[in-house]
């Protein structure tokens, strides 16, 4: 087809040119013959070059279109497959919107994976860039609030200070964002921290700790400790905050860091600084010993956090060896001698009966693999799995607020930690969101991404902080 097209173009062009030069030949016969031969040569050469250039351009165009279509079909196919593997129960709030948001996040992850395989950029870097540019936009600071970006002991922080008149010293909150220790940022929880600061009249410090895979455990916890200790040392003199009324808190893996930090500070021999007055744990990740708890079974495919993804995050946090994911999910990493103690703390019998109504099965005892254990053994230590700490250490932790969501693989982590705290006589406040799913707090006041139930999550934390 293209050959016929080019032939037609050449014929039309030659005819038109011959007619023009025929007129010249009638006036200048000798000149016409010489010029006709020369011009015919250049005309043919010109048309040949045009034909080659046009062919090359069309080949590039069709090649680009073909690759683009193939890429889009690949992305659409993978996203569709992931969506088919998801399970959004009827009880989840805003099921349609959650499915749409899940599809968006899966699409981002698929594109990031493809770009990573092509060697264009790291998949984590692309995901961070896309989320920062297109999903979270900082708004103008509202009246009644002062926001400052600072560094505490070389750790970036964002300080939210209410400007209203305060009779005495304010309370404070160190907030650690979630994101599986590899995603999330100060910006991703900006709206949450603003709301908490204004509504509870609290000075909030959001901590931008280092992330994996660039930085492994314990870098994240170390940064949270440095920032917290710095703030405690200057709270009264520089921020008008009562250092004895400073709590620590966070969501998801940020809540893990808050719980682990309280246990680390409780063990510290250097106690010249006040101890956190409370820990605010919003759907916390608290152990990597058992990924077959009822909540993991019931919600294994509920967006936004799948069962396998949680094991992936723990491994990224520890050493980055995600090839161990299946062994960890099966429980092959837990030594035989530790299992009786863990089963005592993690038994489904410790859960309220309503947590078992959607069913679960007793997972068969896995075969212990020593190589897997030695690769991830830090993950069973209290600084990574606070729920697995000894009674003596948990006894030293401050009063606690725990929020859990029914449709969340981490639901039972929070509830079982509450059980251990109550058994030791600790002060615990528990809030359970019946239609909630993991990650809701990230959709607080985020325009079209907003989920109404996210308000319930944030306001629950606000009401508790007001009691401190």
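Backbone N, Cα and C define each Cβ position, glycine as well.
Residues or ranges marked as domain 'Alpha/beta hydrolase fold-3' in TrEMBL: 173-321, 373-441. Residues or ranges marked as active site by TrEMBL: 252, 408, 438.
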Around residue 438 (active site), how many other C-beta atoms are within 10 angstroms of its C-beta? 26
Would you report the average pLDDT that the model assigns to the domain 'Alpha/beta hydrolase fold-3' (173-321)? 97
Report the member of 252, 408 (the active-site residues) whose C-beta atom has the most other C-beta atoms within 10 angstroms. 252
If you run through the domain 'Alpha/beta hydrolase fold-3' (173-321) with DSSP, how many residues end up as helix, strand and coil? 67 helix, 26 strand, 56 coil
DSSP composition of the domain 'Alpha/beta hydrolase fold-3' (373-441), residue counts helix/strand/coil, works out to 30 helix, 19 strand, 20 coil
Rounded Cα separation (Å) that holds between residue 438 (active site) and residue 408 (active site): 5
Rounded Cα separation (Å) that holds between residue 408 (active site) and residue 252 (active site): 11
